[in-house]
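**Student:** Okay, handing you the structure first.
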Ligand SMILES: C[C@](O)(CO)[C@H](O)COP(=O)(O)OP(=O)(O)OC[C@H]1O[C@@H](n2ccc(N)nc2=O)[C@H](O)[C@@H]1O
Ligand SMILES: Nc1ncnc2c1ncn2[C@@H]1O[C@H](COP(=O)(O)OP(=O)(O)OP(=O)(O)O)[C@@H](O)[C@H]1O
């Protein structure tokens, strides 16, 4: 079906409410047990009719964190996603050229999976624009090839991540709550954090099927860990400062780092409570967002 107007997909920030490193594969990738949730804030991708050869994808990057990224076919996850999808569909015949604009609202290399969310959003957008039937299991395989965080970003729904991130199981039913994200402005390399972690493993968590309220959720999460937090703090000591600030907010129920850092999150009883605390947390050079989880 020809693309006549603009198609949009949002790419929400992923937060790891806990992250246990449970083992290591022979190829060096780590086995994880994590509860990933998505927040109200995200990047936005717009797809317009494009120019050039069949299946061509051009990319412009705008937005507050766009300057740090290049629209390069080998490194940009959106263009890499397009290349993989073209190969999966079996060539460019009949594929309309398209132009994608990425509005980059999320800090880059910050533990909230912005690049992964963009890659997943690009796959969803291109599947709307291009003919071709890609079965769900092939889509998830393409996602895993793009990065360990990409599979969970395909549906952008809270999920329990296992394997290296490719195994997805239902999350406990979550209570309504508020969340604040704080990034100190220092990019942290995911491979460097995995390399720097202490070589110990934590068993997978045991979770209920539902948390009736924020207090119950926080009680369980408090007994769990982000096993990458100490290594990330050693590489980027400002993360500890951010956590100290969040832990000092009177209504904060739990403060922890997400993913491989440096972004930290704090949980609150409601989106309003999180937003009310925002001004007290802001510092020059810090990115702070507060609001609800992505429904
Ligand atoms: C830390 C998390 O954000 C938790 O959700 C993810 O596991 C990271 O996901 P990601 O950024 O999509 O990671 P990838 O791009 O696949 O991998 C980057 C690098 O991180 C390390 N890596 C990543 C995921 C994983 N399960 N084990 C690893 O050891 C590997 O050195 C890999 O080369
Ligand atoms: N569209 C994109 N947005 C962000 N980063 C991208 C994109 N394309 C490629 N990258 C590269 O991917 C790397 C990881 O970026 P991302 O923002 O996803 O990191 P992250 O938040 O630490 O992710 P994760 O939580 O999955 O580890 C960066 O080095 C960045 O240069």
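Each Cβ is built from the backbone N, Cα and C atoms, and glycine gets one as well.
Summarising the annotation, TrEMBL assigns active site to 14, 149. What TrEMBL records for 107, 108, 109, 110, 111, 112, 113, 114, 115, 116, 117 is ATP binding site. Among the features that TrEMBL reports, domain 'GHMP kinase N-terminal' is placed at 76-154. The domain 'GHMP kinase C-terminal' annotation in TrEMBL covers 218-283.
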**Student:** Name the residue among the binding-site residues 109, 117 whose Cβ has the smallest number of other Cβ atoms within 10 Å.
**Tutor:** 109
**Student:** Specify the count of other C-beta atoms within 10 Å of the C-beta of residue 115 (ATP binding site).
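**Tutor:** Step by step: centre on the Cβ of residue 115 (ATP binding site), count other Cβ atoms within 10 Å, giving 26.
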**Student:** Applying the rule Cβ within 8 Å of the centroid of the Cβ atoms of 107, 108, 109, 110, 111, 112, 113, 114, 115, 116, 117, what extra residues of the same chain belong around the ATP site?
**Tutor:** 13, 14, 106, 259, 263
**Student:** As a quick check of your reading of DSSP, tell me how many residues in the domain 'GHMP kinase N-terminal' (76-154) are helical, how many are strand and how many are coil.
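**Tutor:** Residue counts in helix, strand and coil order: 45 helix, 6 strand, 28 coil.
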**Student:** So of 107, 111, 113, which of the binding-site residues has the fewest other Cβ atoms within 10 Å around its own Cβ?
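**Tutor:** Counting other Cβ atoms within 10 Å of each of the binding-site residues 107, 111, 113 gives the minimum at 107.
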**Student:** Helix, strand, coil: count each for the residues of the domain 'GHMP kinase C-terminal' (218-283), based on DSSP.
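**Tutor:** Helix (H, G, I), strand (E, B), coil: 33 helix, 10 strand, 23 coil.
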**Student:** Show which residues of the chain containing residue 14 (active site), separated from it by at least 6 in sequence, have their CB under 8 Å from its CB.
**Tutor:** 36, 37, 38, 112, 113, 116, 117, 149, 152, 153, 258, 259
**Student:** In three-state terms from DSSP, label residue 14 (active site) for me.
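**Tutor:** Residue 14 (active site) sits in a strand per DSSP.
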**Student:** Specify the count of other C-beta atoms within 10 Å of the C-beta of residue 149 (active site).
**Tutor:** 29
